[in-house]
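Student: Before I ask anything, let me first share the structure, which is written out below as structure tokens.
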């Protein structure tokens, strides 16, 4: 190689000694100038190598040779660039080739436009920093002689396509201090139109200083937010700076396994890519420019009948790998000029080159410059960089990028593969979705943090010296996802045993704190999705619905023989008991008044007498109260009003009692009186609480302290839950709350799923779960903020739900017919439940007490009336039972014998001799108490042949006048079915009666006598 370069230098020195455009030994030389930066050593070598290759190609340069003059300048020194260009023009050149920065290119553009010298410009980016497009000055007369051999920067277009495909919404762009941030203007405009949240941050050469400043100036909360921002980042850095930057991020624990970075640089080698990928902790996507490579080795180095040196066309050569992109475009620029010179000679439009003096005002531009420029613009070649032409606004527009992504395999581990291609003509060719997590989780091992919570996560096996094995509903869901996606996981328990709540310093504890601290990739347990948690971490779709339940022990049936008194308060019973004697006294007085007013003989439609005893009045009132009737005559209006009011009162009281008794017995049959939060807040028998510093605890705190909350239920619940700062009623763990329910009169508020499992697996089956839905929430997998696995897990969870796999797992861990039956408690009983004996024990007790009291009163009356009965002489009285007479008469009437002649023995009517018995006052009152009713007597006629029924005829009855009948005591049936006793009477002689058409039997003239049947 060194000898080859020496030969090039000797050839260069020999050719430089010749005159411009002179013909020596029939060879025509084409002088060409070149300006490179001093640090671009490879540009000088490639330029001379291109001229050497062309000199060997007789198809292009048959009898011509290209001579060149190279000038080196300092980087970013436009004044020196102009000086060197003027010197080249003074020597005489046909075209100028430059590989410089933007400042020198703008100066050279102005000079070449003024001198009409075709200028092929190759933009060079120093130190491997991504290129920002140079903004060349517009030509005043519209004739631009500068042609951009290197295509415009299309890296922004590739990045915006990549971000759109990856569905990023928020990310940060880190750019090198040497990078011109104005190159991102178009990218930021497009991102803003798409609604993307983009942040920019410059990275100094001293990367270590950048991160030390972050930790010294940022608070913990700000640092956590910055850590979340680093999950999605685009790096516009040189390969060396990018490698140091990634290393520092990983070392300072600012990166995690779910981070995804995009490194964009047109010039990055395969070796540098592998170093970046292995340094990164998460996923890495690389964007770089590529050039076509023919697979056939025979034609790989042939371009338009031009053979390229094997140093530049063989990818196995290390020299090609060490070249910058600008060097490849420099080679193709020389090839483009050689083709233009060839076509100019063929068209016989060659213009001789004249020496130009830039310092003279009178110097005229080259008159052949426009013709040479037009020939170059119309040319088209295929070189190392692919197609090259300048037909699009004086710039080469052909460019192609490849997008590489990390992949994982058990055999090779972390590797890089091509995901897609992008070119200026067709755009994206391929799908970047392959770079998403579902295609990159093969071989990924996730760090999973958990918290024991039955039945979500439980320890299945704990062998000394080996990792714990877990089981549960959440573990089954995680295993199903791992089986579908192909990832592995390592699980550990959180140290503080908390789900996660914000602390005073802005940090979080529990599972959420593990995710924010990047110590875990996924958190799984009975963790609920809340707005506060979603602000700091990401959640997958819910895999189980969430509601708050109330865990209690089953209510034991209490024996209360006086439950019938429960419908009324004690004061109501006292008022009812007082109302009975009060109304009784009033009725007694009214009846006494009625009895005084009715001393005259009663009329034909009036009662003969009125009962006026106090006992009878009380009996009537009580009979009305129990709706049994009083069997009394009330002719007084006042008495009727009083009794009507009392009956209305008793009707209302009895109806209210019946309704309240039914409701009371219905409620007493319920298994638990507490069904909702409202029931729980109103009762005082049970204390209740939840787990401190949990999502349920926080929910009741927010609802209970909200001044806009109209329902006072939550305020009352929160006062009880937070009594003594939660130390009295709240617990530290769900297991402690369940134990407290079994031990004390306590209700535990917690996740419905956890409580149902506890009730199903209870040894005694004494637990019962009730509750109502708290809000539209659910259980989900918690991931680090910005995790690329969130959408993937959500999609697969929806697939599991669609297939019914989640329901199968729910039935596995929450069987409705387990050790205890939850449905038995919740089943509705359509036919009701029969009232048991103990519900009516009070009625039987009252009846028994009444019977015992009646017996006692009877005994007392017997004892009290015993001596009086012994002094009284009994009389031989005979009693006539009117009921028997009535039955016999009824039988006769039914046999249609009412109008037939009766035998003499059929009926005997005797007169009652009352003259010898003068009743005393007491007996008169007794007679008034039980007066005989009016009696109508109808004669019975003998029915013979030719004799009709004759009402009013005398009834022949056999009368016995020889002997008087013995003294008789007549009785007739009282309205209540008993027998009224009459005074002893005598019958001196039989008396015949005439039938009366209507009305009662006339009384005897002597008021002291009466009649009796």
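The first residue you see is number 1, and the count goes up from there.
Even glycines carry a Cβ here, placed using N, Cα and C.
Pulled these features from TrEMBL for this protein:
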DISULFID  86-358  disulfide bond
DOMAIN    445-816  domain 'Ionotropic glutamate receptor C-terminal'
DOMAIN    455-517  domain 'Ionotropic glutamate receptor L-glutamate and glycine-binding'
TRANSMEM  570-590  transmembrane segment
TRANSMEM  646-667  transmembrane segment
SITE      701  site 'Interaction with the cone snail toxin Con-ikot-ikot'
DISULFID  765-820  disulfide bond
TRANSMEM  840-864  transmembrane segment
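Give me the structural setting of these features: burial, nearby parts and distances.
Tutor: The Cβ of residue 358 (disulfide bond) has 82, 85, 86, 89, 90, 111, 115 as same-chain neighbours under 8 Å, each 6 or more residues away in sequence.
Confidence in the domain 'Ionotropic glutamate receptor C-terminal' (445-816), given as mean pLDDT, stands at 81.
Taking the Cβ of residue 701 (site 'Interaction with the cone snail toxin Con-ikot-ikot') as centre and 10 Å as the limit, one finds 15 other Cβ atoms among all the protein chains shown.
In the three-state DSSP scheme, residue 820 (disulfide bond) is classed as coil.
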Student: Cα distance, residue 701 (site 'Interaction with the cone snail toxin Con-ikot-ikot') to residue 765 (disulfide bond), nearest Å?
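Tutor: Given the Cα positions, residue 765 (disulfide bond) is 32 Å from residue 701 (site 'Interaction with the cone snail toxin Con-ikot-ikot').
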Student: Inside 10 Å of the Cβ of residue 86 (disulfide bond), count up the other Cβ atoms and send me the figure.
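Tutor: Other Cβ atoms within 10 Å of residue 86 (disulfide bond): 16.
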Student: Would you count the other CB atoms within 10 A of the CB of residue 820 (disulfide bond), including those on all shown protein chains?
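Tutor: For residue 820 (disulfide bond), the 10 Å Cβ neighbour count is 18.
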Student: Let me know how many other Cβ atoms fall within 10 Å of the Cβ of residue 765 (disulfide bond).
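Tutor: I count 17 other Cβ atoms within 10 Å of it.
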Student: In DSSP terms, helix, strand or coil for residue 86 (disulfide bond)?
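Tutor: It is helical.
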Student: Work out how many Å separate residue 820 (disulfide bond) and residue 701 (site 'Interaction with the cone snail toxin Con-ikot-ikot') at their Cα atoms, rounded off.
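Tutor: A Cα-Cα distance of 33 Å.
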